[in-house]
Structures are given as C-alpha cells and as structure tokens.
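Enquirer: Quick one: the structure is below, and I'll ask about it shortly.
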Amino acid sequence: MYSFIRNCLFKLDAEVSHELSLDWLGAFERLHMLKPFALKVTPSPINVMGIDFPNRVGLAAGLDKNGDFVNALGQLGFGFVEIGTITPLAQSGNPKPRLFRLPEHQAIINRMGFNNKGVDHLVAQVQKRRYPGVLGINIGKNKITPEENALDDYVKCMDKVYAHADYITVNISSPNTPGLRNLQFGETLANLIAGIKQAQDRLAQTHDKYVPVAVKIAPDMTAEEIHSVADTLVNGNIDGVIATNTTISREAVQGHINADEAGGLSGLPVRDKSTEVIATLSAHLQGAMPIIGVGGIVEGADAQAKIAAGASLVQIYSGFIYKGPKLIAEAADAIASAG
C-alpha cells in the first residue's frame, strides 16, 4: 500500500508531497487508520543517556519540524521520535524550490533553511501530545542571528523545550544556515558547549529533572577534525553525539539532473560516509559518550552496520521516505537478530 501512495506522491513537487503526506498521516491517526501501515517491531530495549528506549530505531529530525505530527509518527513503531529543527522565532526558510528527489540514488537534496513555526508553536503542540514514547527536540539558531550570538538562540530554545523533551539535540551541522557549521570547531565550539552545559545545569535545578543534550555533527570532516570535536564534547560533559547530518559532497550522485542543486544530500549516498564517521568517533571515544547513527539507512543491514561501527541507536529519514514504515521493522529486526 505504501508503494502505491509513494508513487502517487512522487508525481508531485517534492515539498508539496512532503506536506501532503504528513497531512494524510495526521488524518489517518485521527481516524484510527494507521494500523495497516505499522508493522510489528522487534523489541530491543536499551538504556542510552539515562533514557530507556523500547528499540534502537528512531526518526531523525527534519520530517516533523514543528511537532504537529508526533502522535501519528509515534504509532508507526519508532523507538523514539525527534522533532525540529526549531528556532526561537518562526522563519520561512530559503526560497522555493528547495527540496529535490534523486530516486535513482534513493536520495534527497534539501536546502530548507530551518523553516519552522517557532519554538512557542512546537511547545504548544508537544503539550497536547498523546504519544507516550521518547521524544527528542532538535534546536537551532535563526538565520538573522549573528554567528557570535548563536548561543543565545540555543539557550532560548532550551529554556522553552526543556520541560517537554526527553533529550535535546543541538544542531550545529546543517549546511543550509550560513555559518552554522563554523560552530563545530575550536574555541567557538568549546565556548558554545560551555554555555549550553551551563544552561542545562540551571534548567535541571529549576525543573528537578536532568534532560540529556546531544550534539549533531556533519559528515564532511577529516579524522583529525572528528577527534577534535569529540574531545570538546567529552570535555564539555555533553551526553551524546549524533552522526551525521547531510553532506555537501556530490561525488556519489555526479551526472544526476539535480546533483548541482545547493543544499545537503541525504539518503543512500551518505550511508558509507556516515558509518565511517561513526567508526572514527567510536574508536576515539572508547565508550566515553554514546553515538546515535544516522545517514543513508535504506535497509536493515545498513542499520546494523551503524551499530557494528559503534552506534548505540540509529535514526532514519530519507530511507523512511523511500521505503515507508516497513523500514522501521526491518532495521529493528536486523539489529535484534545480530544481538
């Protein structure tokens, strides 16, 4: 059934079909019609960052930016759902068109630019949620905020979402917000992490609960840069690292009609690069921090490969678009069967 729906949606503009599919998903949930789409997912409970996850397969940020579809997505079998990226103020993002499919490569290029309705809208939606599972909230900075003031935006978001999140992800790796990836390096990263940790400590006291913070990094780094980022995160007592975001490389899709579109490339072409980053992180961290692996999972074996490389959890997004909810069960089964 999903293949038929996907083929119909793929005849439309990519962003139109994205919005339409979410609207349908929400409608099906309200009408209690999601069961045919949700397969039985093999339980593989694990505790990561102090949180109990029912299985290791989560939804990556970006699909539900505003928290409008948490209840529906939560019924599909995910072990956790991450929403966002959200910013303090609503923003429209980059001009359209800004989302492109590469079906031959099971890939997507996006230059959305953190389009979202603002953190207050997301919090209002999350407060109404019926989904009882693990919820991550991914936060970013507004485009109009100068790079040197980025910490202010992250703290504003943390202040608003802390009470409602099971974990918070700090997104410093999207290629679609000018200067954002500069936050990943050197003293800039160290100062940002120190400020985020200070905010986390303050909020933990205020709310009498500890909400872990993970940092999402880019795949386009050398081994030395990955080591440096990892050391900064460990020294800053960050709770986890998500590897990776989209890539700006086009090596794997050269010749495709959309290959030269600006933005981040996700899906199958980023699979191996993401897994290599996970392996590099794992070898360097030696268990000092859990890794959440994301990037290019289009079948169960891809998810298991990321676990084997050192990830404790995995997330899917582009593969979910191409394969549908069955990928959740396939990934969870592959991980569980590998032990």
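Cβ coordinates are placed from backbone N, Cα and C, and glycine is handled just like the others.
So Swiss-Prot has the following annotated:
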type	residues	note
ACT_SITE	S174	active site, nucleophile
BINDING	A61, G62, L63, D64, K65, T85, N138, N171, K216, T244, G267, G296, Y317, S318	FMN binding site
BINDING	K65, N110, R111, M112, G113, F114, N171, N176, N245, T246	substrate binding site
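Quick one: how deep are these features, and who are their neighbours?
Expert: Annotation for S174 (active site, nucleophile): spatial neighbours T85, F114, G140, L180, R181, N245, T246, G264, criterion Cβ-Cβ under 8 Å with sequence separation of six or more.
Annotation note: G267 (FMN binding site) sits in a strand segment as assigned by DSSP. The Cβ of G267 (FMN binding site) lies under 8 Å from the Cβ of L102, H105, Q106, A107, I108, G296, V298, S318, G319, Y322, each of these being in the same chain and 6 or more residues away along the sequence.
A sphere of 10 angstroms centred on the C-beta of N245 (substrate binding site) encloses 28 other C-beta atoms.
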Enquirer: Name the one residue among R111, G113, N171 whose Cα is closest in three-dimensional space to that of A61 (FMN binding site); these are the binding-site residues.
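Expert: Result for A61 (FMN binding site): the nearest of the binding-site residues is N171.
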Enquirer: What whole-number Å value do you get for the CA-CA distance of L63 (FMN binding site) and G113 (substrate binding site)?
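Expert: The Cα atom of L63 (FMN binding site) is 13 Å away from the Cα atom of G113 (substrate binding site).
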Enquirer: If the substrate site is taken as the center of the Cβ atoms of K65, N110, R111, M112, G113, F114, N171, N176, N245, T246, which further residues of that chain fall within 8 Å of it by their Cβ?
Expert: G62, T85, G93, S174, P175, T177, G263, G264
Enquirer: Nearest to G113 (substrate binding site) by Cα distance: which of the binding-site residues K65, N138, Y317 is it?
Expert: K65
Enquirer: List the same-chain residues at least 6 positions away in sequence whose Cβ sits under 8 Å from the Cβ of N171 (substrate binding site), in sequence order, or say none.
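Expert: Non-local contacts for N171 (substrate binding site): A61, G84, T85, N138, I139, G140, L180, K216, N245.
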Enquirer: Enumerate same-chain residues with a sequence separation of six or more from K65 (FMN binding site) and a Cβ-Cβ distance below 8 A; give 'none' if the list is empty.
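Expert: Expected: I83, G84, T85, I86, N115, N116, K117.
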